[in-house]
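Trainee: According to TrEMBL, the active site, proton donor annotation covers H214. TrEMBL lists H214, N215, A216, V217, H218, D255, D364, Q415 with the feature AMP binding site. Under the heading Zn(2+) 1 binding site, TrEMBL lists H218, H254, D255, D364. Annotated Zn(2+) 2 binding site per TrEMBL: D255, in sequence order. Annotated domain 'PDEase' per TrEMBL: 138-460, in sequence order.
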Amino acid sequence: MEVCYQLPVLPLDRPVPKHVLSRRGAISFSSSSSLFGAPDPRQLSQRRGAISYDSSDQTALYIRMLGDVRVRSQVGFEPERRSSHQYLCIDFRTLHGIKIEGGSAPERRVHRLLSFQRYLHSSRLLRGLPQQIPLHILDEDYTGQARCMLEKVGNWNFDIFLFNKLTNGNSLINLTFHLLNQYGLIELFQLDMVKLWRFLVMVQEDYHNDNPYHNAVHAADVTQAMYCFLQEPMLSKSLTSCDILLGLLAAATHDLDHPGVNQPFLIKTNHYLATLYRNTSVLENHHWKSAVGLLRETGLFSHLPPEDSRNMEADLGSLILATDISRQNDYLSRFRRHLDQDDLCLSNASHRHFVLQMALKCADICNPCRPWELSKQWSEKVTEEFFQQGDIEKKHKLEISPVCDRASNTVGNIQIGFMTYVAEPLFVEWARFSDTRLSQTMLGHMGLNKASWGSLQQEQSSAEVPFEEKSELKNETRSIQTLAGLLLSDAVLHLY
């Protein structure tokens, strides 16, 4: 069912109603001090969003709002250059758009998967033959396979890419709804089914599908990982229903409306978000406020007492803000200190919330801990997003951010560095907290993946490396693989 609201454009001399500005999380601002110029209103009115707000004249444009599952269009626009602006105008919403001569990029569509039976029915229609079986939006063969996958949603080798195809690109909606229902949270919190479904649809829609990595599939993957952590004995016997609800919603919305560039890029280009949040957890604050905007717009928690609703919004923000990678050492030091002193008490609400924060942090960067076939895909996607940002910086003569220069970096060396300095320290401490088969499996996969990237790096540079150094590197790689294999073997046999 499609619900389409076409809202009128306000006159440019009319102030923005206060209730409008409080409705929507994904609000687009522009100001004379921003590097991102203002687009033509006629073009802006064609893209998905809620409000475009210009602080210079206190006016707003209502933007078309869709309530159905629709892939965000890649058709972009080049913002108009302001005569008084000293910088080039860049719009982060079109950073990754593919330009085609003579026109804009075609809209990216998620195609339905057709089995032979479904194809036969389509062919009969084209040939004018009567339809024998009603056609469905999605082939029953594939929805059945998606349901079978959901029965094993707690397996660490869950293939989110396949699940996304089987659900016609709606993995985040279907996965999150399934988990909320499986925990009985819909009935327990008396969530309105229509409001919940609309909320999940809008969440998925507000992820940018043209981002190679920070898109709805990544959000679904993090949500599935979060579910695996919630099932761990240390958490499952201690968390309340409210904790679980917040954990799943935070995972689903933790990168909402991510522009596909990092915080340093927004800061050095004087983007409005950097100014709005004073260069502190810029993206995470935006993800949180965007999620709160959707909660309020759909009224998902409107039946709860106002104080309870506000507390849930605040706790949701606390979880999402914990995913700021620049604050990794702060959270890790505190976690390590609790473990050293053995003073984590999960009957304490604040301690439970802190553990939820750490679980979400682990879920957010768990790609190196997945099986190689899945981990490699994620590594290539996140690196491509880095490189695309570097291409934009190079094009506009900005300083290229670290690891964003495709000329001097490879997927392998970026991933090995990330595992060594970011992922491993976090997951080693998580294994101290929750020493289970899953934790050992994750560490085992990370060791194997790190060795695999090392092997690929050696193959690429083998022509330039002397024979003696080459033998030494091979021995080191073999030792890493042996150790990781021993760690992984017992856990995999019992887990999958």
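A Cβ is built for glycine as well, from the same backbone N, Cα and C atoms used for every other residue.
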Trainee: For N215 (AMP binding site), which residues of its chain lie six or more apart in sequence with Cβ-Cβ distance below 8 Å?
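Mentor: Same-chain residues close to N215 (AMP binding site) (Cβ under 8 Å, separated by 6 or more) are Y207, H208, N209, H258.
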Trainee: Taking each of the binding-site residues A216, V217 in turn and counting other Cβ atoms within 10 Å of its Cβ, which one has the fewest?
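Mentor: Output over binding-site residues A216, V217: least Cβ neighbours within 10 Å is V217.
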Trainee: If you count Cβ atoms within 10 Å of the Cβ of D364 (AMP binding site), leaving out that atom itself, what do you get?
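Mentor: Result for D364 (AMP binding site): 23 neighbouring Cβ atoms inside 10 Å.
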Trainee: Among the binding-site residues listed here (H254, D255, D364, Q415), which has the Cα closest to the Cα of H214 (active site, proton donor)?
Mentor: D255
Trainee: Within 10 Å of its Cβ, which one of these recorded positions (H214, H218, H254) has the largest number of other Cβ atoms?
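Mentor: When each Cβ's neighbours within 10 Å are tallied, H254 tops the list.
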Trainee: Using the Cβ centroid of H218, H254, D255, D364 as the reference point for the Zn(2+) 1 site, which residues of the same chain not in that list have Cβ within 8 Å?
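Mentor: Those within range, site residues removed, are H214, A219, V222, A251, H258, T323.
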Trainee: About how far apart, in whole Å, are the alpha carbons (Cα) of H218 (AMP binding site) and H254 (Zn(2+) 1 binding site)?
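Mentor: About 10 Å separate the Cα atoms of these two residues.
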Trainee: Report, in whole Å, the straight Cα-to-Cα distance of H254 (Zn(2+) 1 binding site) from D364 (AMP binding site).
Mentor: 9
Trainee: Rounded to the nearest angstrom, how far is the Cα of H254 (Zn(2+) 1 binding site) from the Cα of Q415 (AMP binding site)?
Mentor: 22
Trainee: Can you give me the average pLDDT across the domain 'PDEase' (138-460), rounded to a whole number?
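Mentor: Across the residues of the domain 'PDEase' (138-460) the model's pLDDT averages 96 on the 0 to 100 scale.
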Trainee: Tell me the Cα distance separating H254 (Zn(2+) 1 binding site) from V217 (AMP binding site), rounded to the nearest angstrom.
Mentor: 12
Trainee: At its widest, how many Å does the recorded AMP site span between Cα atoms of H214, N215, A216, V217, H218, D255, D364, Q415?
Mentor: 22
Trainee: Measure from the CA atom of A216 (AMP binding site) to the CA atom of H254 (Zn(2+) 1 binding site) and give the result in Å, rounded to a whole number.
Mentor: 10
Trainee: Which ones in the same chain are close to D255 (AMP binding site), with CB under 8 Å and 6+ residues apart in sequence?
Mentor: Y207, H214, H218, A219, V222, L283, H287, T323
